[in-house]
Each structure stands twice: as structure tokens, then as C-alpha cells.
2 protein chains.
Amino acid sequence: MTTPNSEQKIVYTLTDEAPMLATGSLLPIVRSFTAAAGIKVETSNISVASRILAGFADRLTDEQKQEATDTLVELGELTKDPSCNLIKLPNISASIPQLKAAITELQSQGYDLPDYPDEATTDEEKDIQSRYAKVLGSAVNPVLRQGNSDRRAPPAVKAFARKFPHSMGKWSKASQSHADYMRDGDFFSSEQSITMDAADDVRIEFVDKSGNVEVKKTLPLEAGEVFDSMFMSAKALDTFFERTLQECKEDGVMWSLHVKATMMKVSHPIVFGHAVRVFYREVFDKYGDLFEQLGVNPNNGMASVYDKIKTLPQSQQEEIEEAIHACYEHRPEMAMVDSVKGITNLHIPSDVIVDASMPAMIRNSGKMWGRDGKTKDTKAVMPESTYARIYQEMINFCKTNGAFDPTTMGTVPNVGLMAMKAEEYGSHDKTFEMTQDGTMRVVKSDGTVLMQHEVENGDIWRACQTKDPAVRDWVKLAVTRSRQSDTPAIFWLDDERAHDQQLRLKVEKYLQDHDTDGLDLSIMDYNSAIRISMERMIRGKDTISVTGNVLRDYLTDLFPIMELGTSAKMLSIVPMLNGGGMYETGAGGSAPKHVQQVQEENHLRWDSLGEFLALAVSLEEMGIKNDNADAKLMAKALDAATGKLLENNKSPSRKVGELDNRGSHFYLAMYWAQYLAEQTENADLAKRFVPLAKALTENEEKIIKELADAQGKPADLGGYYHPDMAKVDSVMRPSKTLNDILASL
Amino acid sequence: MTTPNSEQKIVYTLTDEAPMLATGSLLPIVRSFTAAAGIKVETSNISVASRILAGFADRLTDEQKQEATDTLVELGELTKDPSCNLIKLPNISASIPQLKAAITELQSQGYDLPDYPDEATTDEEKDIQSRYAKVLGSAVNPVLRQGNSDRRAPPAVKAFARKFPHSMGKWSKASQSHADYMRDGDFFSSEQSITMDAADDVRIEFVDKSGNVEVKKTLPLEAGEVFDSMFMSAKALDTFFERTLQECKEDGVMWSLHVKATMMKVSHPIVFGHAVRVFYREVFDKYGDLFEQLGVNPNNGMASVYDKIKTLPQSQQEEIEEAIHACYEHRPEMAMVDSVKGITNLHIPSDVIVDASMPAMIRNSGKMWGRDGKTKDTKAVMPESTYARIYQEMINFCKTNGAFDPTTMGTVPNVGLMAMKAEEYGSHDKTFEMTQDGTMRVVKSDGTVLMQHEVENGDIWRACQTKDPAVRDWVKLAVTRSRQSDTPAIFWLDDERAHDQQLRLKVEKYLQDHDTDGLDLSIMDYNSAIRISMERMIRGKDTISVTGNVLRDYLTDLFPIMELGTSAKMLSIVPMLNGGGMYETGAGGSAPKHVQQVQEENHLRWDSLGEFLALAVSLEEMGIKNDNADAKLMAKALDAATGKLLENNKSPSRKVGELDNRGSHFYLAMYWAQYLAEQTENADLAKRFVPLAKALTENEEKIIKELADAQGKPADLGGYYHPDMAKVDSVMRPSKTLNDILASL
């Protein structure tokens, strides 16, 4: 028996759009169950609307102010609490248009918010803009992800994929597809790395040819911190692009570009811009000056050209468009993002994100879509060789061994270095595009030069930090996961990389802090690591990949997409540095289309699978930490219920009238209750759930009918960004029978 | 100073054809030099003619009997002597037509030899046939190769290739070429292996479906001996061939077959026959019975069909030829051995020998020759997966990294398991083609079943032996070579192979007998081993491959052809089990065309490079064993001279009037003498060689003229198989000036 314990608390985030609506249906069910294990489930609203209101509490009425707590700050504090147990649903990373729409909606609901000032001139405007800025973009993850990353395929999901495999395109041994990357002049070949002996404020400096020194940035580094610098040669990059285009033309394969402009926010858009300028060389040669006047930015893709030339006279627009089309004549065919709409690979930098596009290509027989809507063999161009090589290794593997078989393959979970903003390459504030020739260097406060590179105009130089406690925790997490899952773990560290040499020293040191007896732990370069993981995988064996931050990002799409057909079904856990845990759900985004369908025909297609899975590990962890056997059993039962739900195909349909999110929740509840009622480990808990299981089972038909009857007509949520929670409750819980049964528990 | 020592003796083999002629020129030079180090060079005649005469000594005159010593038996004894130092030149592995020609020639020279009886019926005929049988085929190597194999690129040759690289075809990243092999049903997947606890006579038995037992063979096995058994499913093989043909047709790549019918003498011709029957399925379906009557054997290739149907009426021949051509219509294009003559890949089993054909394909951009005389991307079909996978690994590597670069690449020497007929898969007397369904089993004398396989009619079952002392010596040789060359060594052993699991146990055990401190020794599966060797190689690093017998054979062509453009320039050493050494020269065969050219225009194009290299290691070993510093210095000087000869392009030309074998020997002598005269390590030796160096240098022009003047007219050797040695001496030493200088030493 479990004594109710005030410490046993799960925090469940209320977010935006579909996930938030789904919570309206799921949470009452969850609470009914967890209460039996003495666990409270509290909510924390981190929606865009909530975060806006928190920024302007001073302008709200007393009643409105109750909604205006800064929950993100609270959650940030919570992550430092060893008892933190947080379930994080997908939320909106707001763009400016989304922010403005949210403001308008809140204003219409009677909140006295200022408009968003596009240009801030007065002090007041600047203040307003800075308050809104905190809500923009990916504002939540950096606050909450206070730990490294543990991602894996839940057993129920893996079992489902084995039984009902997703489609995998057949691979021809004669496929011409391949990955291509720079062999010299890229970040890999220029990387330098040092570990700080002691804390210091280091300067990033540019020294021009006359010896003038410009301090680009000063960074406080900690003792033990690893600091890297590297650059990509603009000339080498252009030469590389030209070679790839020539080769595609000769070999008759399609050309495609794969970058990660969203993650390498600063460096990769520049790389993308080079590709645009090389592919459309004649256009930029001829209209370069005009484009500059118009404000065309090739880093934003050809969309920027088409957008900016709209202001020109029709005849001139047509002339430029003809020049663009002329390029296609002598260039190889380019892979399309949308062949129907004519959107090419070079249209927008965010369209072809390597970690999504490469697995899609590999799953699709190594082919991408051509202009004629047909799939074709492709050269996948990924200039930065550091990580690109793993895709070539997988392509060669598929040519040799055929497509992966989801019914027999093992799994490759990931332990990723992420804590304390580790290895954020090419992001943010430490990436610089050179505007003249000279020297970039990293200098200690006493003037000692730690690293330096000779650079040329146009080169992309960047630095990157990795803090010691993050590495130490990552090593610990790898050992823990290897032990807990009885699975070999490979640290992906390449001795030819300066950074990895530094990390290897730390890994070898920190491994000594742990009992690794009987564990199969090894350190390998990326090619060897992915190769052996794949060799094991096709023999049904599992291998943990222990990787840096970028590979974490890439691999947690690559392997799941092969194994499960999607990365959205992965468990994504952030064991916090201080001992708590965050359980992230569903990588599928917040899905605006889902909400529209609810508003129009009251059908919610959102699949809460991610929430089921996250909740199970959250409960399991709660059970382990508090020695709460009921919680552990509850977790086990939930996993079994999820497995049964998948097997019985009780996931939401996309079509109105069929089972939707709410019906899916009903089945989860029924299976969950049935398992708990039937299990023999804990008779008291079984006894408690027998009536619920019975009631749900007996009323299955009735409840499903009530849920189905609710569909087919518009639903009023009282708002998009800031809905009326009472209305949400009413829409998301339309079955009186189900509600009554839950209330009776 | 060296004291002449009767023990310091090199035995130099007199063989056949071009190498024997070259010896006539080279040996007098060599003897002049080695005498200065107190080393005698004796000859031993193992030519076909000599071996024939030895078999019929009883029919010869007393004078003739002097030529009739059984030198092969003597040399066989010598291999057991720890002081054995044997230089072995290529000799004729006589076919029956060659044997008959040699008999005729000897008869014409007055030797009372009987004719070779094609069919032996009387006791006398049987006796004659059995005496001649000892001369047939590869009769020399089994007697002399009483050790494992040590093959490596001599430094001079490697340096030459780095400076004057051979051509290497560029690889396209989009190449469609690949290797294809069976994934199931082949020898690899069925392999079983045991190690004998104690000596025993084991039986190989076939048990038919009614339980009748047929003893196929009884073998005396030693304690510690590894014994393997495996089979290839005929059905799986045919299905595999059909799949490869379909895939080539779909993908538009050429189809080619690569087997090793010469080494896997029994199993691979059968595999080849299956390919013929599947490719020309309709022909064999329709004319199968007729072919059987005619004695067509598909294992001998389509040549057998064309040969046997000659007896048929013209119209019927044409009908069959049309049926053959009809197959080409719906089959993929087949790679040609000789596109001019229309010789396909399936014409004769010995035409496409995997260890030669695959390196040639890889060196040629992964392409083979099509019917139109153009090179094309190809599926290289190698049914047995055990070793085929290494070629796919190399092909993928070349697609990814481009062709190998001879100017920068490292080297992969080989230490091969070969002693005591180790791992002679598919050869000789332990391979059986099933004629009905049943069980093949290996049974101890007490009736215990050691291994067994369920087999079907047509399946190919084979067994293989590996003796313990051979493995022990192989491990020792690997450690020795790694230590002497300060190079990492990888044992290529695949844990997924039953045989290799047994070998691994021995390797791990015998490594403990040695001081391996500071050595980099590892054990890897074949794919990992070749991959890491290639990764190191393109970074200029060397890696010793320590392999079994088949991989020895394959790799000592594969890597040399990439590194040096040929395998003929490799050092090939057999360190004998008992401590002696054999130094084999030139893999280029004995070359009948070379002799014809001498007879017609007195130009010998034979390149004695192999002899130079072998002699240098022979002298070095002599120096080490006898603590003979002069011999060591002589060896060093010879290597330097060889390097200089290569650099100065003093190798023989193929064209009459230009420098030939004899001129090349002159330059070797001059450079060798110059080095010895100029070195300062040993003043006495220098003093001794100063006059020779001076004389040769001063007379260079005169000697070269004398050598050139001898060319251009027919030369009389007094015989082909059994030339007159006085005439050979006269032909091969036409420069009086050179002869006088050597005589004066």
C-alpha cells in the first residue's frame, strides 16, 4: 500500500494547439489512475498566450493577473529540484506572425496588451519589444533542458513496428545514390580544440592584414571547459559545389542539398547561400548588383529572389526568370521539395533539413523526387564532412545489404550530450562570416593565443563550448543506460577530430568514476560506430549510441525512421543534472491543421502516443525514486495498454466520424484498467481497478457512440491561442457515460 | 671480414623457359658478388625435363644418368634443414600436351623414354603413366612450400610506384558496380568446424534416405587439427544466379562471374557449371539430353558446348547456336574476357580468376569490358560469400573515397596460413557433388558423429584440414613480421565463421608464447579488417594482414595491384617450419612467348626483378643467421641497386634491339658494385669492389653495344624443355667485355 506523499507530484505542461486540446481529454483519465498510486498530476501552462500575459502582468486586471504567473521561470526553478518530474508536450516556437495573431486574440478577449512594434524607436516601444522577444522562437527548451538526452524506442512501439512494419523502399545494389561532402577546407579539417586549465575570460579576435585587432567577443570559460574553433573556406566550398554539380551532370544523377539551417542557425544559411550562388552562377553574375539593391539574400534561398524582384517592372522580372530557367539547361536536375508546386531544393533553407531529409531518402530506396514527380537516384550534398560521412556509410550499407527490415532489426537508442548548451555548433553568437582576409584567434586574458586560423574574406569561422559537468553527466548517463538496458554502448568520438580528442580524455577519466564491470563500452570513430551498430542491428541486436549534440539530433531521427517509420514515437527523456527528469512527448510539432479540423468538424486527429509513453517512464521514475511499487506497476500497466492499443489499431484516424483522439484515450483507459484489474502482483490495486475495468468494458459501445456522435459539427473553443478552458473541457469530454465512470472512481 | 663458411650456401633453382634462360645471364654475376661474402650459390635443376629423366633413370645410359637425380626429393629434404636458403624461380606446371612435347624433345635428343600412354591398360603402361603423373601439374610447390607465407612489397618497388605511379581508373561516386554474393545456402552459412582432442581416423560418410552408409573417405587427423565441413545448396545457388541476372537486366548493368576454379579445383568448376546452365537455361532445357549424349560438360564452360556440337550436322549446329543467341536477347549483357574474339565470361572456367579479375575491375573504375569493346559498370557475381564481401567493401570504399593513389598510399603485406596444406578449400579429395538427397557426416572411429549436414542432390559438400603446428608457426610469423617491420598486424578472423572461431582460440593461445609488448595486434572480421586497412592505407599507413590460405591468395593480388600495378613485384617468402627459408620470385609464370622471341630474334624480355628482390632477402637472412655482416651489406647494396635500376628505367624492353634481360643484369651489376665500392660501412668490401665498379662504369657503353649487337637474329638454344646448357651460356652471355671483367674478380 502506498501512503499518499505530497512529494510525489508530476507536472504536466499545458501548451498550445492540438496537444493542449488532447490534454483536455487525457488528463482527467490520467489523474483518476495516478491518484491510486498516491501521485498528484499538476499542470503548468507554458502556452504562448500564458507567456505573453506573464510579460504584461502590470497592464492586467486583478482577475486577469491570476493567469499571469511566469510559469516558465517557475519550471526553470523546478528543473533544479531533484524531485522534478515534468511531462513536456510540444509547444509553439512562435514566429512574429504567430505572436501578432496571439496578441490580437488576447486583445479581443479584453486583455490590455500593446501591439507588437515592428520597429522600436521610443523607450516604451523598446520595452514592449523586449518583453515580447522573450516569447519568440525556441524559448522553452533552453530553459527546461537542464540535462543530457536519453532517447529510445519504447518496447511497445518497437513491438508494434516488428508486427506491423512501415513500408521501406527496396534498395538496388546498383543504386547511384550517394552522399558527398568536402574533403578539405571544411570545419572538420580546420578544427582546433583546447581544454581550459583554469577559468578565464577569453577573447575571440580578428586581426586584419595591417595588424589591427578587433575583439569580436569575450567569453567567460570555466575550468575544464572544452573550447573549439574552426572555419569553412568559402573558396573551397564554392569549388566543392561546382564539382558536385559537374559530377551529377556527367553521371546523370539528381543533385540535392542537405543542411541544418535551423540548428546551425548562423553557419548553415551561409553555406546554403553559397550553393544558391554557385548553382545560379550566371544569374548572380549578371544581376548581382541589382539583387543587392533589391535586398536579395541568397542565404534565404531563391524564394528571396522571387520575392524581391516583384517590385521590378514585369519585363525585367521575366528577363530574370528566363535567366534562372537558362541555368537549369546546363545544370543537373535538382531534387524537388514539392514537385507539384515547383519548389526546388534551393528555394528556402529550412525546407531540406538533413536529419529529416536524409532518412526519408534512405527509406525511399535512396531516391528523391524529380521535377517530373518521379523518384530518382540522387547525390546528397552535405558540405560539412564532420557528420555527413555517416549517411554515406548507411547508403553503402543499404546497397550492400538491402533496405533495413523493421520486423527483425534491433534498435539504436541515443545518449546525447546536450546539457549546458554543449556543442552548439554554428548557432547563435560565436559564428562569424569574414569580411576581409586576416587571422581569427582565441586569446586568453593574459594575451596567450590558444588557437588561430588564417582566414579569407567570406570564410565562415565559428567557435563552440562544452562544459565539463555536462560531459561528466553524459558519461554517467551512458553507463547508467548501458547497465539498465544490458546493452553495449559506443561513444562516437573520432580521433581525427580535435574536439573529440579532448572529449575522449574526459570520457576515459570519468568512466573510472563508475562500476563498468560487465558492461560493453567502447569508443569509435563515427564510421566504425555506425557501421558496427548497423551490422548488429540487422542481426537483431541493440547498441546504444553515445554521441555529441549534433549526432544526437541526427541519429534520433535516422534510426527511429528506419526502425519505426517516424521519430515521433521515441521516448525523449532529459535526466536533469540535478537529479530530476523531463519527459518530452511527440516531435510532431503542435499541428495547426489539427485545431482547424476540430473547429470545423469536431474531430481531433492528434495522436497522444507520445504522452502515453512519456507518462509511463515518468511513473516508472517516480516509482524508483520514491520506492513506490504502485507507481512502477502503474507504469508497467500503461506500457502494456499502449502496446495493446497499437496492436488493436485504436490510434486516432484522420477522418471525421471515425475514432479520434478522445476515443483513443478511452481505449487506453480501458486497457490500462483491465491490466491493473487482472494483474496479480498487487491484489489491493487490482481490487481497486476491477470496477473501473468492468464499467469501461461493459460501456465500450455506448461510450464510443457518444464520442462519435459529438463529431461532424463545428466546435467552439473560445479561442485559438487562448481558448476558454471550460469550453475545451466540454468539447474534449463529450461522453457523459465515460465522465461519470471516471468521477465514480 | 668474413671467414668462408661451408654452411653459407644458397640453392638457386634452374627451372624452365624464360626464367631459366635469364638465370644463364644473372647467375654468373650473382656468384661473383656473393663469393665476396663467403656465400656459395649452388643450382638445383627442377625443370620438367629434369624431373622426367629422374623418373626413368633405369632406361638411361650411364652418362645420361648424371642428369637424372631426383632433385625435387633432394630439395624436399633440404626444406627440413634449418639452414635451407632456397631461391625458387617460376617453373612449368605441366599439362598433358606440355608433358608430351617434352617427352618428344627428349626422345629426339637420344633419351630412351616411353611415349605417354593416354589410356593405360597393361601393367607396364600403368607404371609408365604413374611415373609421368608425378611430373604433371603443380608438383613442385607442395613439396617445397613447407611453411607459411610472408609476402610484401619491397621498399625499392614501393618507392618506384610512389614516384612513377601506374595508371588508376577514376571512380565515380555514382558507379553502379558492385559485388554480389549469396546470403544463405552457401559454404559460409553452413560451415561447421571442430578441433580434434586426440588423433583419430575420421570417416566422411554419406547416409542415403534409406539409411545406407557409404564411406566416402577416411582421413587420419592429428590431435589439435581443425577440421571443417560445409556445403553449398545447388537450389540456392541457381536461385541466386537467376536473381543476379534479373537484377542486372532491371538495373542495366553488366553481369560477370568471378570464381577461382584453379584453386578451388573441385568445387568452383561445379559452381561455374551452374552459372552456365542458369544463364543459358532455355538451351539446356531444350538440348540437355543431346548434350549429355555428346558429353558436353557445362563445368568446362560454353567452350565445351561449342566443341562437342562440332560433331553434329551443320543445320543442327546452327539451330543450337541460334538458341544460344536467343538467350542473349532476354539476359543482361555479359562481361567479356575478350570482346574482339567474342569470348564471354562463361566460356572457360579458368578465364575469370577472382583474385586477378576483381583487382583489375577495381583498378579500372569498377568497370569490365562489354561486347562492344567498351567498359561498363558491372555486377561482379561471386557466389561464395565467405571471401566475396571484401570486394564489395573495397568497391564501396572506392565509391566513397575515389580510386587509390599509388603515390601516397601505404602498404598491406600479408602473413598467410599455408603450411602443411592448411585450408585447401574445395581442392582435391575432400569435395563431393551429391548425387542424391541424404546426410553427409564426419564420424570418429568410435562412431561419434562430429558434424553433419542434410544435403540434396546436386549440393556441393566439402571438408578442409588445418594442422596445429601450421597455425602455431603462422602466429609466430605474424608476431615476427609485426616486430621486424614495426607495423600493426590484424588477424582476419570472423566470429561468424565456425572455422575462424576454432582458429581464434589457437591464435589467442599461441600469442601468449611470444613477447607482444609494444606490438599492435588485433583480431577482426574480414569487413572490419579490410576497411581499417584501407582507411590506414589512404593515410599512408601500413597494416599487415594475417590471413588464412584463401585470403592470402586473394589479398596478395588485390593490394599489390592497387599499390604497385602488379603482384609480380612482391616479395614472396616461405619461412620454413624447420627454420629455413624459400624465396619465390615472379608470379608471372614461365612465359613461353619469351622463349619464342629469343629463338626468333635473340631478345629476352623477361624481367628478373623478382630474382633481384628474392636474392636480397635471401642474402639478408643469410647474414642474420650466420652473423655475416658482409652478406647483410651485400643485401642492402642489392636493394639499393634494384631501386636505382627501377628509377633509371633499366628494366627490359619488349622490343628487339632495345635493352633486354641481359642489359638489365649489367646495370644491376654496375649499380650493385658502385654501391659497394662507395659505402663506408665496410672498407675491406669497398676496396674489393672498387675495381669492379670502375671497370663496369667505364665500359658501360661498350658492354651495352655488345649486348645490343647480339640481338636481331635467331638464337639456337638446343632445345626448349631440355636446352643445351653450353648453348644457353653462349646465348645469354654475349658480351666478352662483361664476361672478362667478371672473370677478373
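The chain as shown is numbered from 1 upward.
Even glycines carry a Cβ here, placed using N, Cα and C.
Keep in mind that TrEMBL annotations are predicted by a computer and have not been checked by a curator.
Together with A:D553, A:D557, the Mg(2+) site in TrEMBL holds one more listed residue from A:D338, A:D351, A:D355, which is A:D355. For A:A139 (substrate binding site), the nearest of the binding-site residues A:I92, A:R151, A:R552 in terms of C-alpha separation is A:I92. DSSP assigns A:R151 (D-threo-isocitrate binding site) to a strand in the three-state reduction. Within 10 Å of the C-beta atom of A:K260 (site 'Critical for catalysis') sit 26 other C-beta atoms, taking all shown protein chains into account. Taking the centre of the Cβ atoms of A:D355, A:D553, A:D557 as the Mg(2+) site, the nearby residues of that chain (Cβ within 8 Å, site residues left out) are A:K260, A:I353, A:V354, A:A356, A:Y554, A:L555, A:T556, A:L558, A:S567. The 10 Å shell around the Cβ of A:V143 (substrate binding site) contains 14 further Cβ atoms across the protein chains shown. For the binding-site residues A:K88, A:R151, A:D553, A:R605, a Cα-Cα cutoff of 10 angstroms around A:L144 (substrate binding site) retains A:K88. In sequence order, A:K421 are the residues near A:P142 (substrate binding site), counting only same-chain partners six or more apart with C-beta under 8 A.
Cα distances from A:R552 (D-threo-isocitrate binding site) to the recorded positions A:I92, A:V143, A:K260, A:R605 are smallest for A:K260. For A:K260 (site 'Critical for catalysis'), the spatially nearest entry among the binding-site residues A:S138, A:V143, A:D553, A:D607 is A:D553, judged by CA separation.
Neighbours of A:D553 (Mg(2+) binding site), defined as other CB atoms within 10 A of its CB across all chains, total 23. A straight line from the CA of A:R605 (NADP(+) binding site) to the CA of A:R145 (substrate binding site) spans 28 Å. Of the listed binding-site residues, namely A:I92, A:A139, A:V140, A:L144, the sparsest Cβ surroundings within 10 Å are found at A:A139.
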